[in-house]
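Sharing the feature lines straight out of TrEMBL:
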- ASP20, ILE22, ASP23, ASP162: Mg(2+) binding site (BINDING)
Amino acid sequence: MDTIDRGNFQGGRTGRWTIDPIDGTKGFLRGEQYTVCLSLIVDAQVQVGVLGCPNLPFDAETKDSIFVAVRGQGAEQLNIEGSNPTPISMATLAPSELNFLESVEATHASHSTNDKISSILGIIRPSIRIDSQAKYGCLARGDGGVYMRMPTGAGYKEKIWDHAPGAVLVEAAGGVITNSRGQPLDFGLGRTLGENFGVIAASKASHPKVLEAVQKATAPEEKL
């Protein structure tokens, strides 16, 4: 317990590690998706990210996955034994092939806002709703087209450990991740993402279109 209590750094722009031993607690309790998350942040930028996903299949024979990303060096997926490392990259999908990766819990993200955005984009494929940062792993390896997390209230602030590993994974796999204003996520504001409202991750080709749709669908007070 003494070691756990040492993990109370308030954050800032200097280098530090973040760890979330069980990201997706409700998914863990249901026996579904959860993730063990680790990241290294230096000068407000995530440099290294690791996602351990015990219930996210690596392939038809292996039920678990690990995702590793190093800024400037790409991203890989491997099984939980650490073998078969495979480079991964974001898929470039046609509009008709896009779908959303979003949270299971409507209290974590606005499903209704996502539905509006989906309608504007003409997306007809159903959303994939899973817990934890496993969504980032799915996106990075091409299992979905867009990761959306639009908060249910203007006062909600995302925790940095809920996004840091996934953010660098998406970028290392060739994707783009921003807030709902199109600005890069700032991991140097403390324990939260501060005034970064919303999270949008997609391929370089899809992100501008998704961002435009978000601006059309989002209420004015959410864009302030």
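Even glycines carry a Cβ here, placed using N, Cα and C.
From a predicted model like this one, the values you see are computed outputs, not experimental measurements.
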Count the Cβ atoms, other than its own, that fall within 10 Å of the Cβ of ASP23 (Mg(2+) binding site), considering every protein chain shown.
25
Around the Mg(2+) site recorded as ASP20, ILE22, ASP23, ASP162, what other same-chain residues have a C-beta within 8 angstroms of the site's C-beta center?
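Apart from the listed residues, the neighbours are PRO21, GLY24, THR25, TYR34, THR35, VAL36, CYS37, SER132, GLN133, TRP161.
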Which residues in the same chain, at least 6 apart in sequence, have a Cβ under 8 Å from the Cβ of ASP162 (Mg(2+) binding site)?
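Sequence-distant Cβ neighbours: ASP20, ASP23, CYS37, GLN133.
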Cβ distance under 8 Å to ILE22 (Mg(2+) binding site), same chain, sequence separation 6 or more: which residues?
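Those within reach of ILE22 (Mg(2+) binding site), by Cβ under 8 Å and sequence separation of 6 or more, are PHE28, TYR34, VAL36.
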In terms of DSSP three-state secondary structure, what is the assignment for ASP23 (Mg(2+) binding site)?
strand
What's the number of neighbouring CB atoms sitting within 10 A of the CB on ASP20 (Mg(2+) binding site)?
22
